[in-house]
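Participant: Once you've had a glance at the structure underneath, I'll fire off some questions.
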């Protein structure tokens with residue numbers, strides 16, 4: 001049997017010390033490298049649609065024109081709902097909230113998008129990306145709740161007109177609008193904080209035209225189970241349950257409209273609800289395509305086009321739809337414009 005001498009024990013001890021030192025040093029270097037990668041994330045590069053350089057100027061002009069239409073149309077709708085006393089009702093109060101929401105939503109995404117279209121670098125700061133995400137998620141969630149609230153308002157107005165002023169009193173409809181904003185802001189804040197706290201491991205190229213949460217999560221190199229779970233629950237509530245409530249409201253509304261004997265009353269009810277239903281189809285159609293379809297590793301051009309539609313086209317069309325489909329809004333617009341034109345002539 002071999003017996004260890006003092007010399008052997010000394011050599012083994014020295015060898016183990018070297019191994020321990022080398023392992024500790026390697027772990028420290030790795031930890032330092034990871035910390036450096038995590039802390040060095042100060043900006044992101046948005047490369048969505050950059051594979052079509054010949055379209056950058058066209059997209060810039062298109063989005064700029066749409067943005068001006070959004071600001072003009074939604075601002076006009078807000079102004080007439082304030083100035084015209086006939087529009088001081090819950091329905092137009094919610095419509096004013098929707099117009100203000102569309103202005104805020106597009107103002108958070110379109111100006112940075114315009115800069116990126118004309119920029120060679122196509123970068124956005126970490127803070128700017130987080131702010132864009134929290135605003136877009138918050139206002140998107142708020143719009144889901146607000147559209148459901150508007151559907152309930154239509155339901156009460158058509159199915160229970162005699163008690164409408166009692167049910168939709170001033171306190172209730174202001175609280176409903178306020179809670180729409182609060183719920184949207186809280187859900188977006190939670191999702192944004194949980195996403196921006198994740199390690200990106202130096203990968204800062206976002207394959208999208210905005211800081212969209214799904215595109216950003218593809219850059220994460222750690223477990224995103226909690227993020228996916230929260231996003232799934234939020235999407236089910238915002239996109240499925242609320243859409244189902246809107247659908248149920250319209251089933252009752254349609255059955256009540258068909259029982260109206262007066263042709264003029266039936267036409268007015270249809271015109272009021274048709275504008276809201278078109279807005280719901282546009283908004284939820286784009287949102288369901290973006291957030292509920294099977295996800296792929298790479299972002300498709302169709303995803304970016306739908307994202308552009310979701311963030312630009314719908315807010316642009318909302319005031320146009322409500323103006324064309326609503327007689328009271330058209331009359332209020334004519335009244336406000338004629339008054340200002342008369343003042344200009346004087």
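One-based numbering along the chain as shown.
Any Cβ shown, glycine's included, is placed from N, Cα and C.
The annotation topological domain 'Extracellular' is assigned in Swiss-Prot to 1-57, 108-131, 193-229, 291-303 on the grounds of sequence analysis. For 37, 300, the entry in Swiss-Prot reads N-linked glycosylation site, with the evidence type sequence analysis. Swiss-Prot lists 58-78, 87-107, 132-152, 172-192, 230-249, 270-290, 304-324 with the feature transmembrane segment. The topological domain 'Cytoplasmic' feature in Swiss-Prot is assigned to 79-86, 153-171, 250-269, 325-346. Taken from Swiss-Prot, the feature disulfide bond applies to 129-221.
Quick one: how deep are these features, and who are their neighbours?
Facilitator: On the 0 to 100 pLDDT scale, the topological domain 'Extracellular' (1-57) averages 56 in the predicted structure.
Below 8 angstroms of C-beta separation, residues 92-93, 95-96, 99, 328-329, 332-333, 335-336 of the same chain, each at least six residues beyond the ends of the topological domain 'Cytoplasmic' (79-86), sit close to that stretch.
Packing against the transmembrane segment (87-107) from elsewhere in the chain are residues 67, 70-71, 73-75, 77-78, 80-81, 135-136, 139-140, 142-143, 146-147, 149-150, 153-154, 157, 168, 173-174, 177, 180-181, 272, 279, 311-312, 314-315, 318-319, 322, 328-329, 332: each is 6 or more residues past its ends and has a CB under 8 Å from a CB in it.
Helix, strand and coil residue tallies for the topological domain 'Extracellular' (108-131), in that order: 17 helix, 3 strand, 4 coil [DSSP].
Residue 221 (disulfide bond) falls within neither a helix nor a strand when secondary structure is assigned with DSSP, and so counts as coil. A simple way to gauge crowding: the CB of residue 221 (disulfide bond) has 14 other CB atoms within 10 angstroms, across all the protein chains here.
Residues of the same chain lying 6 or more positions beyond the ends of the transmembrane segment (132-152) and with a Cβ under 8 Å from any Cβ of it are 91, 94-95, 97-98, 101, 104-105, 108-109, 112, 124, 176-177, 179-181, 183-185, 187-189, 191-192, 195-196, 210-213, 216, 234, 238-239, 242, 245-246, 249-250, 276, 279-280, 283-284, 287, 311.
Beyond the ends of the topological domain 'Cytoplasmic' (153-171), by six or more residues, the same chain brings 90-91, 94, 249, 252-253, 256-257, 269, 272-273, 276 to within a C-beta distance below 8 angstroms of the stretch.
For the transmembrane segment (172-192), the list of distant contacts is 90, 93-94, 97, 130, 133-146, 149, 153, 213, 227, 230-231, 234, 238: same-chain residues at least six beyond its ends, Cβ to Cβ under 8 Å.
Residues 140-141, 144-145, 147-148, 151-152, 154-155, 187, 190-191, 194, 213, 280, 284, 287-288, 291-292 of the same chain lie 6 or more positions beyond the ends of the transmembrane segment (230-249) yet place their CB under 8 Å from a CB of it.
Listed by sequence, the residues of this chain that lie at least six past the ends of the topological domain 'Cytoplasmic' (250-269) yet keep a Cβ under 8 A from its Cβ atoms are 151, 154-155, 158-159, 277, 327.
Using a Cβ-Cβ cut-off under 8 Å and counting only residues 6 or more beyond its ends in the same chain, the transmembrane segment (270-290) has close neighbours at 91, 98, 140, 143-144, 147, 150-151, 154, 157-158, 214, 239, 243, 246, 250, 253, 257, 303, 306-307, 309-310, 313-314, 317-318, 321-322, 324-327.
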Participant: Let me spell it out: take the topological domain 'Extracellular' (108-131), skip the flanking residues so only those 6+ beyond its ends count, and list any with a Cβ under 8 Å from a Cβ in it.
Facilitator: 41-47, 50, 56-57, 59-60, 63-64, 66-67, 70, 139, 192, 196, 206, 209-211, 216, 311-312
Participant: In terms of Cβ proximity under 8 Å, which residues at least six beyond the ends of the transmembrane segment (304-324) contact it?
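Facilitator: Long-range Cβ neighbours of the transmembrane segment (304-324): 48-49, 63, 66-67, 69-70, 73-74, 76-77, 95, 98-99, 102-103, 105-106, 109-110, 136, 208-210, 212, 275, 278-279, 282-283, 286-287, 289-290, 330, 333.
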Participant: Once the chains shown are all counted, how many other Cβ atoms turn up within 10 Å of the Cβ of residue 129 (disulfide bond)?
Facilitator: 24
Participant: Could you give me the DSSP helix, strand and coil counts for the topological domain 'Cytoplasmic' (250-269)?
Facilitator: 16 helix, 0 strand, 4 coil
